[in-house]
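**Student:** Pasting in a structure now, in structure tokens, and then I'll have a few things to ask.
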There are 2 protein chains.
Amino acid sequence: MARIVMKFGGTSVGDIERINNVAAHVKEEYDAGNEVAVVVSAMSGETNRLVSLCRDISAFHDAREYDVVVSAGEQVSVGLLAMALNKIDVPARSWLGWQFPIMTSSVHGSARIQDIDTQSLEAQFADGRVAVIAGFQGLSPENRITTLGRGGSDTSAVAVAAALHADRCDIYTDVDGVYTTDPRLVPDARRLKKISYEEMLEMASLGSKVLQTRSVELAMAHKVKLQVRSSFDDPAKKKEVSEDGIAGTMVCSEEEIMEQEIVSGIAYSKDEAKITLRRVADQPGTAAAIFGPLADAAINVDMIVQNISADGGHTDMTFTVPNDDLPRAQQVIESMQDTIGFAEVESTSGLAKISIVGVGMRSHAGVAQKMFTELADKSINIQVISTSEIKISVLVDADYTELGVRALHAAFNLDGGDEGAG
Amino acid sequence: MARIVMKFGGTSVGDIERINNVAAHVKEEYDAGNEVAVVVSAMSGETNRLVSLCRDISAFHDAREYDVVVSAGEQVSVGLLAMALNKIDVPARSWLGWQFPIMTSSVHGSARIQDIDTQSLEAQFADGRVAVIAGFQGLSPENRITTLGRGGSDTSAVAVAAALHADRCDIYTDVDGVYTTDPRLVPDARRLKKISYEEMLEMASLGSKVLQTRSVELAMAHKVKLQVRSSFDDPAKKKEVSEDGIAGTMVCSEEEIMEQEIVSGIAYSKDEAKITLRRVADQPGTAAAIFGPLADAAINVDMIVQNISADGGHTDMTFTVPNDDLPRAQQVIESMQDTIGFAEVESTSGLAKISIVGVGMRSHAGVAQKMFTELADKSINIQVISTSEIKISVLVDADYTELGVRALHAAFNLDGGDEGAG
């Protein structure tokens, strides 16, 4: 017997048929003798509909009332799923955020979970009942409904799993796990059996939309084993489960991954643009003078590279922004020319960022060189390089995205069947 | 300054424009210096949508989960209305049933309000804020969401008004008051300024759908002054308000109506059918033997008339049912012939019930005779008569409905402008 938290997103509960399919998944775990808590999102499209209603009333609305309106979506789906479970003889009841309660901060619209009283849930388990929990919502100290921000149901699930000391938190999505890269781009991409929290964080923030970054951070902090699985499997059919019982991809501590690959995956994001400031005064406060106004304009700056000062007292500064934000970013920078004191500004759009991610590269010299050589062999020009402990990112012309990702995928031996890194 | 509860139904909050219009109505009362609580229903169509989702999951669903799902409708509308009020500088916040709480019985789907803790509301008023309250919902002693049954928001509003000792409870609907009869049938029908609770109950149960019967009963028990008003008025325009400040129709105690008309209104309902049992054994238990099986079959029996036994030990029994239920009612009766012991059964469909209602008829002899004479003058044959203290109902051929209603409306001096009975 295990204690399991299962999480289903909006697409998985998008209509009655899918809700019944989710109930069948839950029944399978329940019938196997497990203690099960299920966290669900609003039916797909519903949160958007509710958000639109709020916007139609007023562009500047009270965030507390916004939370009252949008949390109604999850309220509907937990009620329906509890009904669907009861129908197939799985005793279940719904729980709303205010009923445990799931206590959060008072920051409406993006509240943080502070405490979950698990007493009622433990009582449910003792009675052999499944708890169906509304994701995304909680209760403020002022006794008002809060929400955790878009995609917050992943975070709810991990928080519930941590509070319950669950053996596993299964995140059911519309993909069947985490892949070495985007399978639409590289047909040879293979599903990873295991990936470390750190790698998942890099993959998530690099554009792999499987898990919300915040939920991975929370899982890492509380050592919650996350499993990414597909909700569209037919639960009646026998699933492909590896020898160690993993159906999708397990996100866990590095130590639990026996033989670590050097590189676990290749991430990419298109639609990048870069801006270079020539001959910037190389003195304290320059970076703040540049990036402060950009942050104020809500422009998301990603890679920042500053070259070593070539002449006395000047340097070149390059940074990337999303393509769409390029015109605004240029405007901001140009308006600051006198303050910042640079000679000229250059910008290039239509770029892509390709990154290799893997905790194994820490202990392996030559990973970067291998990456650069491989790209050079394909005549792909690297425009900007940025690295972290477990990641190397390069900026290239977006036309070379597919070519670069495929070359790197092969070079780091990621091609192959559904073998996994574990 | 007065303390006012305003109630708006689903049609009144059916879209963003209408919600803004409701906010304008509220602002008017707020700006006049009143303490205002607003009770709202779900946006029109929303409750039906949620009920359908429940039915699609299962025909036999847990009533507790049903309440979780359908109460989400009011949750959305209170949040939106609070936003709309804040936008026009009326400080407001939403309140859900569990937040006061509004305590109810545990009978999910048709719970009864037991207690309303008004402490938070009083604090709102002290702060000069408007309370926007979700109608139709409450909290059970088991800390679960309950609903009051369809149309329950009227009841919520009256209960809140009673708990707050409000000066008035204004029910905004899609009509601008209670009329002497259906204005579609009688163009000369006039709006009543005042009507007593007792008369309103008779009018409501006779098919005038302005107010939910239960809310009128509750208002009568707690002496809550109800005012029926139109929500489609433009609040910016000066409204027709009578000398005593009534904009629609006031439902109040008989004593508050100075000069009582003999007859206040004419109600009617078409689609009635009657069944007569000939030569029923005139002995104790016969009525129970007839109406028990009909109640078991969920057939709604309305008028029941039993003639005095003509011969030794036998009587004729007549009762009415809705046209649609006639075939089933006949089937039930025929299957009981041996048990009940009647000679034969006759039935007639296509009938209508016309009723005159008025507390004044208590003290006026000859009202019944006047009614019967008037109908006879128009050659309308009366098939069944039934009376209460403040009502006389007759059953006639449905083809004569308009003729009969119009004749009685004129005969009892109800024709005329918007004069009112007050």
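Count begins at 1; order follows the chain as displayed.
Including glycine, each Cβ sits where the backbone N, Cα and C put it.
Small disclaimer: the values here were computed from a predicted structure and weren't measured.
According to TrEMBL:
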| type | residues | note |
| --- | --- | --- |
| BINDING | A:LYS7, A:PHE8, A:GLY9, A:GLY10, A:THR173, A:ASP174, A:TYR179, A:ARG184, A:LYS209, A:VAL210 | ATP binding site |
| BINDING | A:THR47, A:GLU74 | substrate binding site |
| DOMAIN | A:275-350 | domain 'ACT' |
| DOMAIN | A:356-422 | domain 'ACT' |
**Student:** In Å, rounded, how far does the Cα of A:GLU74 (substrate binding site) sit from the Cα of A:LYS7 (ATP binding site)?
**Tutor:** 13
**Student:** Sort A:GLY9 (ATP binding site) into helix, strand or coil using the DSSP assignment.
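**Tutor:** The three-state answer is coil.
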**Student:** Within 10 angstroms of the C-beta of A:TYR179 (ATP binding site), what count of other C-beta atoms is obtained when all protein chains are considered?
**Tutor:** 24
**Student:** Do you know the DSSP helix, strand and coil residue counts for the domain 'ACT' (A:275-350)?
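**Tutor:** Summed over the domain 'ACT' (A:275-350), the classes give 28 helix, 26 strand, 22 coil.
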**Student:** Look up A:GLU74 (substrate binding site) in the DSSP assignment and reduce it to helix, strand or coil.
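**Tutor:** DSSP call for A:GLU74 (substrate binding site): helix.
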**Student:** Using DSSP, would you call A:THR47 (substrate binding site) helix, strand or coil?
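**Tutor:** In the DSSP reduction, A:THR47 (substrate binding site) maps to helix.
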**Student:** Mind giving me a neighbour count for A:GLU74 (substrate binding site)? Other Cβ atoms within 10 Å of its Cβ, every protein chain shown.
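**Tutor:** There are 31 of them.
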**Student:** Consider the binding-site residues A:LYS7, A:GLY9, A:THR173, A:TYR179 and say which one has the Cα lying nearest the Cα of A:THR47 (substrate binding site).
**Tutor:** A:GLY9
**Student:** When a 10 Å sphere is centred on the Cβ of A:GLY9 (ATP binding site), how many other Cβ atoms does it contain?
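**Tutor:** I count 22 other Cβ atoms within 10 Å of it.
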